[in-house]
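Features reported for this protein in TrEMBL:
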- 64-84: transmembrane segment (TRANSMEM)
- 96-118: transmembrane segment (TRANSMEM)
- 189-209: transmembrane segment (TRANSMEM)
- 221-240: transmembrane segment (TRANSMEM)
- 290-313: transmembrane segment (TRANSMEM)
- 333-359: transmembrane segment (TRANSMEM)
- 380-404: transmembrane segment (TRANSMEM)
- 410-431: transmembrane segment (TRANSMEM)
- 443-461: transmembrane segment (TRANSMEM)
- 473-492: transmembrane segment (TRANSMEM)
C-alpha cells in the first residue's frame with residue numbers, strides 16, 4: 001500500500017516515540033555505568049544516540065568582557081572602606097590594592113598554564129581531579145569532589161545570592177532615598193526576578209549572555225572612568241590633603257593586615273571564571289591568555305585609581321563611616337545627579353551576576369560528566385546547546401538563599417574553604433608537571449612565581465585560623481564531613497537510585513535534552 005506523501009500514521013508515530021524513549025533509557029543506563037567505573041569515563045560514551053558538543057563561541061573580546069564582568073562587581077564599591085579600616089592608613093590601603101593586583105596576576109598565570117593543559121569545563125574541579133585522582137583509588141578523587149560539593153551547594157549559590165541582593169538594593173535605593181527603606185520583601189523579590197531572567201537568557205544561548213556581558217562591562221568601566229575623572233579633576237584643584245597622610249597610622253597587627261588582604265581579595269573574586277568554560281572558547285591557546293592578561297591589569301589599574309579618586313573627595317573618616325562608599329562619593333561629587341551612581345553600581349553588579357550564573361552552571365555540567373553529580377546536570381538542550389538542567393537547579397538554590405537573606409555567614413564559611421582549595425589548585429599544577437611531563441603546554445608559568453602564589457594563599461589560609469578562629473570553621477568541617485558521607489556510597493561505590501534514573505529520562509523527554517560527547 002502506498003501512503004500519502006507527508007502522512008505519518010498513528011502506529012508510526014507511536015513506534016518512533018517508543019524508539020526515542022528506549023534511546024533515552026539506554027543513554028541513562030550508560031551514564032550510570034560510567035559513574036560506577038570512573039577510570040574508564042574518558043573511553044565511554046554518555047549517549048546512546050548522536051552526541052553533541054558545546055559550541056565554541058567565546059572569543060578574546062567576549063572572554064575579556066566575561067572576566068571583567070565577573071571580577072568587577074560590588075567589591076570595588078564596598079571593599080575600600082574595609083581595606084582602609086584594617087590597614088590603618090591611606091598609603092597602606094593603596095599599596096594593598098596594588099599588591100593584590102600583582103598576586104592575582106601571578107595566579108592568573110598559573111590558571112593559564114592549567115587551562116591550556118586541560119582545556120575542559122570545570123576549572124578547579126577538573127585540575128584537582130586530573131592531578132590527584134590517579135594517585136589513590138579512594139582518596140585521589142576526594143579533593144575534587146569536596147571542592148565541587150562546596151562550590152555548587154554553598155559557595156557559588158551564596159555568592160550569586162549576595163550579588164542579586166546587592167543589585168536589588170542599589171536598584172531601588174534611588175527611588176526611596178537613603179532615609180526611607182523600601183517595603184519588606186521588595187528587594188528579595190527583585191533579586192529573584194533578575195536571577196530568573198538571567199537564567200532564562202543563559203538557557204536560550206551563550207550569545208545572549210555574551211552580548212549582555214559586553215554591554216554591562218562597557219557600562220561599569222564607564223562608571224569607574226567617571227569616578228577616576230572626578231578624582232583627576234579634584235586633584236587638579238589641589239585636593240590632596242587626604243592622600244598626603246601617606247602611611248600615617250598603618251597597623252602593626254598581622255591579623256589586621258590579613259583581614260585587609262582578604263577584604264581586598266574579595267574584590268578580585270571571579271578571576272578564574274573563564275577557566276570554568278574552556279570548552280566554549282575559540283582557539284583556547286590564543287583566547288585564554290589574551291582574555292586574562294588583557295583584563296586583569298586593566299582591572300588592577302582601575303581599582304587603584306578608583307580608590308585614589310575616593311580619597312580626593314572623601315576623608316578616611318567619611319569612608320570608614322559609610323557602608324557603601326560610592327553612594328557618599330556621588331552625593332559629594334555629583335549632588336543633583338547622585339542617583340546615577342547607584343544605577344551605575346547596579347549595572348556593574350548585573351554583569352558580575354550574569355557571569356556567575358553563566359560560569360557556575362558549567363561547573364555543575366563538568367562535575368556531572370565526571371559522575372560526581374546527578375547525571376541530568378550533564379545534559380544540554382538539543383537546539384540551544386546549553387546546560388539547561390544545571391541552570392535551572394542553580395536558579396532554584398540561589399532564589400532560596402535570596403529569601404533566607406543571610407548569605408553573609410555562608411560567604412564567610414565558603415571563604416575559608418576557598419582559601420584551602422586555592423592552595424590545592426596551585427599544588428595540583430606541580431603534581432601535573434610530574435605526572436604529565438610530556439603533555440603539550442602552550443604556556444608554562446615560572447616555578448618561583450607559582451611558589452609565591454602558593455605561599456600567599458597558604459598565608460591567607462593559616463593566618464585567620466591562628467589569630468582569629470571563628471565558628472564558621474566548624475561549619476566548614478561539618479560540610480566536609482557531609483560531603484565525605486555522600487562521596488563514599490554515591491561516587492566511590494557508584495550507587496544509583498532507579499527512581500532518579502527514571503526522573504532523568506522523563507526530564508530528557510520534557511526538556512529535549514541530549515548528552516554531550518566526552
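Start at 1 and count along the chain as shown; that gives each residue its number.
Note: Cβ is positioned from N, Cα and C throughout, glycine not excepted.
Among residues of the same chain six or more beyond the transmembrane segment (473-492), those with a C-beta under 8 A of the stretch's C-beta atoms are 35, 38, 138, 141-142, 145-146, 149-150, 154, 371-372, 413, 416-417, 465. Count of Cβ pairs under 8 Å against the transmembrane segment (96-118): among 64-84, 189-209, 221-240, 333-359, 443-461, the largest is for 443-461. Sequence-distant neighbours of the transmembrane segment (333-359) (same chain, 6+ residues past either end, Cβ-Cβ under 8 Å): 66-74, 76-77, 156, 159-160, 163-164, 166-167, 170-171, 173-174, 194-195, 198-199, 201-202, 206, 209, 212-213, 216-217, 219-220, 222-223, 226, 230, 234, 270, 273-274, 276-277, 313, 324, 326-327, 391, 394-395.
Within the same chain, the transmembrane segment (64-84) stays apart from the transmembrane segment (380-404): fewer than three Cβ pairs sit under 8 Å, each pair at least 6 residues apart. Long-range Cβ contacts of the transmembrane segment (221-240) within its own chain (Cβ-Cβ under 8 Å, at least 6 residues beyond either end) map to 68, 72, 76, 302, 305-306, 308-310, 312-313, 326, 329, 333, 341, 344-345, 347-348.
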